[in-house]
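Novice: The compositional bias 'Pro residues' annotation in TrEMBL covers 1-16. What TrEMBL records for 1-52, 717-737 is region 'Disordered'. Residues annotated as transmembrane segment in TrEMBL: 72-94, 106-126, 184-201, 208-225, 264-288, 345-370, 446-463, 527-548, 555-584, 617-639, 646-668, 680-713 (among others). Per TrEMBL, domain 'TRAP C4-dicarboxylate transport system permease DctM subunit' is recorded for 196-626. Taken from TrEMBL, the feature compositional bias 'Low complexity' covers 717-727.
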Amino acid sequence: MPPVRPSDATPPPPRSPAAGSPASERDTAALPLPPDKGAATDPVWADDGPVETHHDTRELAARFEDEKPGRVLSGPVALLFTGATLAVALLALWQVFFPLPQGSKYYLIIFLAGVLPMVFLAYPSGVRLRRRPAGDEPAERRGPRPADWLLAAVALLACLYPVLPVTLGAGGGGYDAFLDRQGLLVPLDVALGTVLLLLLLEACRRTTGWILPAVCLLFLAYGYYGGLLPQAWPVAHAGLDFAQLVDAFYNSDSGFYGTPLDVAASYIVLFTIYGAVLDLSGAGRFFVELSAAAFRRSRTAAGRTAVASGFLLGTVSGSGAATTVSIGAVTWPILRRAGYPAERAGGMLAAAGVGAILSPPTLGAAAFIIAEYLGVSYLQVLGWATVPTILYYLGILLSVEIDARRSGVRPVVIDTGSAGRLLLRFGYHFLSLLVIIVVLAMGASATRAVVIATVLAAALSFLDRRHRLTPARLVAALSGGVRGVLAVSAVCAAAGIITATTTKTGLGPQAAALLVSGAQAVSSEPAVVLALTALLAAVALTLLGLAVPVTASFVIGWVIIGPALLHLGVAAPAAAMFVFYFAVLSEVSPPTALAAVAAAAVTGGRLVPTMWQTLRYALPAYLIPIAFVITPTGLGLLGIGGAGRIAVAAVVSALGVTVLAVAAGGWLPGVGPAGTPERLLGAVAGLVLLWLEPLPMAIGAVLAALAVAGVLVRRGSAGRAGGPSVPELVDHREERE
């Protein structure tokens, strides 16, 4: 990768786009990309105004992830922790090619015994019984306390108890004996199962906050006290005693060791390790430089670079907030120089960052759960996500183009090498991503595909001496990958409380019936019932996602809302992807909107306007899932059906996304500004077009044509009146204050 030259030539101070300045005005000095670290404080950007300093973007990203920041370990504790994480990483890799003979559940028990104790060492409790003395280090900078070591030891015992070949009264006796006691747990089994339950809740509290443990306790209370509800109520059940609940959690395939933890231990940990290896090999920086080089001379180079970087970096992180911070640290100075207000740039960065969770080949963790729940290959899930991802980024890019013309964004020449030269020298970073797709297409499992890709990425790192994975850096990648999965492993194990309770009580079908009956109370027309159910489900999933992490949100949504969609005849792939998308969209949904909060921290913009800008950029992601649920033609958006259905669904949806982008942005590219009537007409047209049936599509096309005609008439009228058909450029200095 060509070296970054941050001090070769300091650009002149930025000029605010004053009214009347020519639209083609361009900074004459080429703008170099900031270095990998400390970009915000590099001297070349000093004249662009104040910006929050973050020497390590990972530290900033951690503040806005679903999980809380962990401790910074050092000394012997760090060595012990690294050794433990390395052992878990090697176990996960070994399991892919040489599975433990005792079965997958045995592996999950060992895996949880490896990661759960580390949660208590890596994440502080956050509970202070007394005021911290002045000058004392924050909890993230202090090592584990005695209570943390005690909890780690108890967690190790509670996790390993089912496999310990030691008889303890009527309990113990090894793995087979423990399985034989399913449904007949002895008091020691119940006691240690209860201990593990409490430890998992505490681990979730430390990593994600109080809300998920509270939700788990609510389901636990429902399982225990649900038998006391009036039996005429739809959600009442026969009742379960505490031992039955613990048995369902501790000694069944739907509890702690159910599908969510299986996904974390079999898929997520391996993809996290792959992402860490790819990042340390220099792929992240290459993706940003390639994006900048590809668009460096276009009018919207700054915006396109941010969007393309978000898409490519998503293959490394798979996390919305982390990708937002990573691309923001590099592209925000460029966006600022181009004249983007902080809030608009923040919305663009957040929407592009969340695309990391939606974009193949490394979707979010919930995508692996979809594959397990539906019994399909991960490659099929990637196929389902392809067209929606294209439409999502189409909407963002259209918004970028519209904003550039409406707001008077100045072209900025970015000082990078040519895209061709970068590809020739560092294009090998794409090979491991291609290997994942090829190996999956050959019929191999996703776990084998990602391990092969990880080995290839590590080997290719030696082509760049600055990023070669020496033994020490390889250990750091393996350890970092496992550390990155600690929080999600705790969440997945705790999600077993929800799935097991739902299974034992039959809550899923009952809740689904309530949701459908609510829609049927409005109309008896099947199409209307399905549309209303989808809207209610979308609102419920969005609200749920505001409170709990994406993975837990998907699990809860699938067991509660999924059955309602399936009952109404929605295909299982469409129902699962619908739940997945709305679980992910919590990252950009106010009032939490973690990706938008992270973007506002990078740009220094006001939080609420940044959230609304993010919603505008991410609008297609809210509408496309409804489109592939409410009509059979919509399945074409998931690549299901013949070529004709897929083509019609993709083309019409692309038209709908385009019209909605014009309506939201108030500008028709190549023509000029759209007035309020044209924008309202375009918004209705876009929504109608996404109802993928012949009559609505025809009506939507007519409305879209009328909206375009209105913009053309407005432009012609302005020209005849002698006024400008294009508004003067706007000075955004007040927006920055």
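Cβ coordinates are placed from backbone N, Cα and C, and glycine is handled just like the others.
Automatic, uncurated: that is what TrEMBL annotation is.
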Novice: Per the 3+ Cβ pairs under 8 Å rule, pairs at least 6 apart in sequence, do the transmembrane segment (72-94) and the transmembrane segment (264-288) touch?
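Specialist: Answer yes: the transmembrane segment (72-94) meets the transmembrane segment (264-288) with 3 or more Cβ pairs below 8 Å.
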Novice: Which residues of the chain, 6 or more past the ends of the transmembrane segment (208-225), have a CB below 8 A from one of its CBs?
Specialist: 66-68, 201-202, 235, 239-242, 245, 487, 491, 494, 497-498, 501-502, 504-505, 507, 547-549, 552, 556
Novice: Can you name the far-off residues of the same chain, 6+ from the ends of the transmembrane segment (617-639), with a Cβ under 8 Å from a Cβ of it?
Specialist: 347-348, 350-352, 354, 358, 383-384, 386-388, 391-392, 394-396, 399, 527, 530-531, 534-535, 538, 565, 570-571, 573-575, 577-578, 581-582, 584-585, 588, 645-650, 653, 656-657, 660-661, 664, 686-687, 690-693
Novice: Which residues of the chain, 6 or more past the ends of the transmembrane segment (446-463), have a CB below 8 A from one of its CBs?
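Specialist: Those are 93, 96-97, 266-267, 270-271, 273-274, 277-278, 280-283, 368, 371, 377-379, 428-429, 431-433, 435-436, 439-440, 469, 474, 477, in sequence order.
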